[in-house]
Amino acid sequence: MRDGGRIQAAIEVVDAVLNRHQPVKDALRDWGKAHRFAGSGDRAWISGLVMDALRSKASAAFLMGEDTPRAIVLGTLARGWALTPDDIARTFEGDEHAPEALGEAERAALSRDMADAPLPVRADIPEWLEESFTRAFGEDAVIEGQAMAGRAPVDLRVNVLKAEPDKALAAVVAKLKDAQASELVKNAIRIPETDPKAKSPPADAIPAYGKGWVEVQDLGSQIAALAAGAAPGSQILDYCAGAGGKTLALAALLNNTGQIHAWDYDWRRLRAIWPRLQRAGVRNAQVHDGSEADALSGLADRMDVVFVDAPCTGSGTWRRRPDSKWRLKPEALDKRIKEQTLVLENASRYVKPGGRLVYVTCSILPQENEDRAAEFLDAHRDFEPVAAVEAMASTGLLTEEGEIQIGACAGRFGAVQLTPARTGTDGFYVCVMEKKE
């Protein structure tokens, strides 16, 4: 395919996402099925443009003066892909599959200055979240929003149950030459974000992944798992375990000693955990059926650590799931807040005296983060906050630079708020609370 046809394809996919309300992955898949002549390079190019267009929808639409799929894609080509109006016009020329030629109004819009754009436009966030962003980040709200509208790298966690870190890194670099050791966390590998026109690194297709030497896990998620401060022999409850990413990380921290209890209220979310546990060589995990009312009845007041990866808006993952940014509504946030309050209340009953409750979200919204921690601590005077970075550092897996950068993210209750702008990770909130003896 020529680039003009690829741009038209991107417009069609963006239309499916915004106007027919398809998840972006489904829309890209359906387009590919309907256009089987498109090669893998074409699909990667189209996917890159679609994802960038959704990440920067607000600023692209403001630039063009309208929010049609065509306008959003054209604005992205200008702002994100640095194409001039003449560049775009030449791309369309002589390609029967390209969009209609640029109009004079579009040419003028593509050169518009964005200096007077309102904060939600410059930050590329929904208008109704401006107050939340300003509260969370103050003068850095635009910087944080722009970072969340960027591309995300691929991070791997070395599974020390099966491979030495140096051996795993060498195996990954052999297949993905740009891979490098993380600057923040030992036993972590980063594959930098690619050119938007190129295929993303196929990290889950390399031999090291198949052997269980590495797991795909955002660095922020890896850092959050360290907050458990898990010592070998510990008893840990991974509450809201989902597909088991943190369960695997915790098992490695314990070096297959002690016991990890993986539980989720939705049993279907746990289905993926079984093959992952097997591939990773985890032998100290028990998986509990969340549909059974008494599944955890024997664990009350017995856990050294209860790790709560709470249901949330996922606002910290907008780089990877940009369509979710524009689907998020106030009522969805309200629903999550109620769930978080309930989850913390229920999870706390399993913490033993002297044990810790680790509250984690992949969100950057204070309503889901420090507000929930404050509410819980106010209602449970038998718990007190502990500095999260100290719990992380106790594992010995933070680098010196990591301890500095993550420590700089500490706020109320000693909790840390990781973000793409601050730590180069997805947005994660981590608050550690200890039950008094």
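Glycine too: its Cβ is placed from the backbone N, Cα and C atoms.
Here TrEMBL flags 144-436 as domain 'SAM-dependent MTase RsmB/NOP-type'.
What TrEMBL records for Asp264, Asp309 is S-adenosyl-L-methionine binding site. Taken residue by residue with DSSP, Asp309 (S-adenosyl-L-methionine binding site) is part of a strand. The Cβ of Asp309 (S-adenosyl-L-methionine binding site) has 24 other Cβ atoms within 10 Å, all protein chains considered.
Taken from TrEMBL, the feature active site, nucleophile applies to Cys362. Look at Cys362 (active site, nucleophile): DSSP puts it in coil.
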